[in-house]
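Features of the protein shown, as given by Swiss-Prot:
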TRANSMEM  5-25  transmembrane segment
TRANSMEM  78-98  transmembrane segment
TRANSMEM  105-125  transmembrane segment
TRANSMEM  151-171  transmembrane segment
TRANSMEM  176-196  transmembrane segment
TRANSMEM  227-247  transmembrane segment
TRANSMEM  251-271  transmembrane segment
TRANSMEM  294-314  transmembrane segment
Amino acid sequence: MFDKIMPLIGSLLLVICVMVGVAFLTLLERKVLGYIQIRKGPNKVGFNGLLQPFSDAVKLFTKEQTYPLLSNYISYYFSPIFSLFLSLVIWMCIPYLIKLYSFNLGVLFFLCCTSLGVYTVMIAGWSSNSNYALLGGLRAVAQTISYEVSLALILLSFIFLIGNYNFLNFYSYQSYIWFIFFCFPLGLVWLASCLAETNRTPFDFAEGESELVSGFNVEYSSGGFALIFLAEYSSILFMSMLFVVIFLGSDIYSLMFFFKLTFISFVFIWVRGTLPRFRYDKLMYLAWKSFLPLSLNYLFFFVGLKIFFISLLF
C-alpha cells in the first residue's frame, strides 16, 4: 500500500511545485524583458511585484469564459485541458533516485508526450473555427514535427553511447566530463530545437502577433487561455531541465542542478528579448538542411565510436 501511495503523493507534490515554478517563471520573464527594454516590469503587487503571478491567475480564472458560436464545443473545451495534462505528465519521467515513475523507457515516454502535444495545438486551432487560429495551428504542427526529428536523433545518438533509455544513466556517464564539451554543436542544435518545440521566439510562428493576432489560441479567453499559457511555460521548464540532464550532467539533488536549470530558463527569456522572428521558409530549411544532417552525422559518429570500443574489448 505504501508503494502505491508514495508515488501518488510524490507526483502530486511535483505537479504543485511545477505550477509554482511556472508562476514565478512568468514573473521572471516579465522582469527580464522589462530590464531589457529599460523599464521596471511588474513592481506594484506585493514586495517588488512578487505576488503578481497570483493576482494574474485570479484575474484570468475569474473572467468570463466565451465560446465562439460556430466552434466545435467539445474539442474547443478539452484541448487546453489535455495540453496542460500532457505538459504535466511529461514531468513524470524526471530522473529521481526514488523511482517516482522514472521507468527504464523515460526517453521514449518523453518523445511520445512531445508528439502528442502536436494534436492539442492542432485541435485547438481547428475547433476554434477561425482562420487565424487554424493557420497558427497548422504552422505549429509543421514546425513541431520538423524539429522533433532532430530532437529524436540527438537523443538516439546519446542512447547509442549510453546503451540505456533511462535518464538516470546520463548522470553516471557525465561524472568526468559534461556532454556539452564534446558535443557542443549538438547542444546548440538541441537548444534551438527546444525553442522551436516550445514555440518560443525566434520560432514563435504559431502565435505570430504581427500576422495571426495571437495564433492558435486567438479565440480562447480566461481559463482556457490560462491553461494554454501554463502548458507552454511548463514545457519550457521541462526542456530546460532536460538540457541540464543531458548536457550539463549534474545530480538532481545538488543545488547546482537548480542553478543550471534557472540559467537555461533565463536563456529562453533572453533569446525572446534579443532576437527578432525568423522567416518561416528559413525555419523549415534550418530543420531539414542544417539540423538533420548534423544530428545524423553525430549519430553515425557515436555508433562508430561504440563499435570501435567494443572491438577493443574483444
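Backbone N, Cα and C atoms are what each Cβ position is placed from, and that goes for glycine too.
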**OP:** Please indicate, using numbers and ranges, the residues of the same chain that are 6 or more beyond the transmembrane segment (151-171) and have a C-beta under 8 Å from a C-beta there.
**Re:** 93-95, 97, 102-108, 110-111, 114, 179, 186, 189-190, 193-194, 197, 245-246, 249-252, 292, 295-296, 298-299, 301-303, 305-306
**OP:** Output the single range from 5-25, 78-98, 105-125, 176-196 maximising the number of Cβ pairs under 8 Å to the transmembrane segment (227-247).
**Re:** 78-98
Original post:
Where among 78-98, 105-125, 176-196 do we find the most Cβ pairs under 8 Å to the transmembrane segment (5-25)?
Top reply: 78-98
Original post:
Any residues 6+ beyond the ends of the transmembrane segment (105-125) with a Cβ under 8 Å from its own?
Top reply: 75-76, 79-80, 82-83, 86-87, 89-90, 92-93, 95, 133-138, 140-141, 144-145, 148, 151-152, 155, 159, 165-168, 197, 206, 215-217, 220, 228, 231, 235, 242
Subject >> Same-chain residues near the transmembrane segment (78-98), Cβ under 8 Å, at least 6 residues beyond its ends >> reply: 10-11, 14-15, 18, 106-107, 109-110, 113-114, 116-117, 119-121, 123-124, 127, 166-168, 170-171, 220, 223-225, 227-228, 230-232, 234-235, 238, 241, 245, 252-253
